[in-house]
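Read the structure below first, then the notes.
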Amino acid sequence: MFQLTDIPRLLPEILLLVLALLVLGSDILERWGRTPEAQLERVKSSASLTAIGLGMVLVVALLQSGYLYQLPETAPVNFFTNIIRNLQSGGPGGDPIIGVFATDHLTMIARLLIIGAALVTSLLCLDIRPNAHPGEFYALIIFATLGMCLMVGANELLLAYLAIELTSIPLYLLAGYFRNDPRSAEAGLKYFLFGAISSAILLYGMSLAFGAALNAVGGATNFNDLTRFDRIGAFTGSSGGLLTLAMLFIVAGMGYKLAVVPFHGWSPDVYEGSPTPITAFISTASKAAGFILLFRLLTETFPAMAGAPTLNEEAGGWTAVLAVLALLTVVIGNLAALPQTNVKRLLAYSSIAHAGFVLLGLLAWAAAQPFDREQGLIALLYYLIIYSLTNLGAFGALALIGQQTGGDDLDHLRGLSRRNLPLALLFTVCILSLAGIPPLGGFFAKFYIFMAGWQSGATWLVVIAVVMTIVSLYYYLRLLKAMFIEPARDEAPVSMPRGIGAALTIAVIGVLVLGIFPNLILSVLERV
């Protein structure tokens, strides 16, 4: 039953909903202006309101979590301490709200990551000129953020599905937002069609899980109930077969959402055709939310079916399925990136390959020791944080290059260091982090992920992943060669607007600091 004391626990989600409606409302009130100057002011107003609002929601979520500051019990009572005390009353812990939404440490950390990614995306969009209704563009970003926050805390099958749809529908619209651009229109249509198929597959898997529970114990959609029934061996005979089939359909449906091979066909075209800041948002926040929901679905709904990703007679379960998907994803993602000449398409295949690395963190659930399982989850979260910062920076730099040079092919990077050295250096840090070069965050993220895979028994997969990491150096170094060695195709300087400059700086500082001082974030992740 919902109680008033649950409201503080949902405060970030409530604020996101209010912010989305506020952005829409403010845009409607300003629609009386039809001149180009009035249209420009509407864009600036919607963009600024979104960025400031997301920044405030991020501060609220950070204070609520207690990770930055925990109010002492002996603190004096005044106006400010009362605000912080009320905020932190909704901090990590407690039973799931009405049994369907968990506010544990995993939700808190993922919520901060998603809102932070949305904030950086809104900064990247400051110089985008949407169509006649800019408020809709920014409101869609906020609604998608709200859906992702609900995804990571979902503790029930129906809420998980609704949260996925609340995330997906705004992203379909954002991908195809520039209708006059054929590539954007194609991206939106393709994203919608593949997304609809994946949603159908996922919903069918969830219905099979409910059917298995209905056949065995009278029905259940709550993760905790399904976990309890699974562990006591309630799913036997036909119920066990239904549950296995449900697991396969759920993995396939989530595989589409996460662009895991062989469900990745939509990803390169959608990444290439979408507005570049939206591509950054899809490849980071959306993927992070998807992987965390997949972790909850598999470890909380099918814990007894984990199996092992080894090459001996113990192999089986969903970890073996994920191991095969990780192998295909890492190999095909990296090999397909080698011949690419369009940088957005190259980074799309790079993102596919990185999804394979993240799957290695999930395999640690097969480890015999609980400590190793915990380390696997920490490695997965650390990887998602570093990957999100790095990809936001890389796509943000590419968005600026595309605006200034008129394209995002490899040729448009040529001589960038002579046209804007700070931009080239910021882009270089992101590329080197994606490649896993020390001492950047990408190196330690891959190291922890490889350790998690090794502890799970998938040593064969770790070896292949290391080899593919070396292969990836080729296409990443091609980008650096174009920026620093090849002659410029145009000598005109490339300017860096303040919004994109701020977003890139935030991302690069995060990659550097969390790489050189990983304990700053690992000490927080250990609470999960």
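Glycine is treated like the rest: Cβ placed from N, Cα and C.
As recorded in Swiss-Prot:
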- 10-30: transmembrane segment (TRANSMEM)
- 49-69: transmembrane segment (TRANSMEM)
- 106-126: transmembrane segment (TRANSMEM)
- 192-212: transmembrane segment (TRANSMEM)
- 232-252: transmembrane segment (TRANSMEM)
- 275-295: transmembrane segment (TRANSMEM)
- 318-338: transmembrane segment (TRANSMEM)
- 346-366: transmembrane segment (TRANSMEM)
- 377-397: transmembrane segment (TRANSMEM)
- 424-444: transmembrane segment (TRANSMEM)
- 457-477: transmembrane segment (TRANSMEM)
- 502-522: transmembrane segment (TRANSMEM)
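Counting Cβ pairs closer than 8 Å and at least 6 residues apart in sequence, the transmembrane segment (106-126) and the transmembrane segment (377-397) reach three or more and so form a contact. Sequence-distant contacts of the transmembrane segment (377-397), counting only residues of its own chain at least 6 positions beyond either end whose CB sits under 8 Å from a CB of the stretch, comprise 106, 109-110, 113, 116-117, 120-121, 124, 276-277, 279-280, 283-285, 287-288, 291-292, 295, 344, 347, 351, 354, 357-358, 361-362, 364, 423, 426-427, 429-431, 433-434, 441-442, 444-446, 448-449, 451-452, 500, 503-504, 507-508, 510-511, 514-515, 518, 521-522, 525-526, 528. Sequence-distant residue pairs (6 or more apart) of the transmembrane segment (275-295) and the transmembrane segment (346-366) include at least 3 whose Cβ atoms are under 8 Å, placing the two stretches in contact. By the Cβ criterion (under 8 Å, sequence separation of 6 or more), the transmembrane segment (318-338) is in contact with the transmembrane segment (346-366), since 3+ such pairs are found. Long-range Cβ contacts of the transmembrane segment (10-30) within its own chain (Cβ-Cβ under 8 Å, at least 6 residues beyond either end) map to 38, 41-42, 45-46, 49-50, 53-54, 56-57, 60-61, 64, 87, 90, 97, 101, 103, 111, 115, 133-136, 138-139, 142-143, 145-146, 149-150.
Sequence-remote contacts of a segment are chain residues at least 6 beyond its ends whose Cβ falls under 8 Å from one of its Cβ atoms, and for the transmembrane segment (424-444) they are 350, 354, 382, 386-387, 389-391, 393-394, 397-398, 401, 416-417, 469, 472-473, 476-477, 479-480, 483-484, 504-505, 507-508, 510-512, 514-516, 518.
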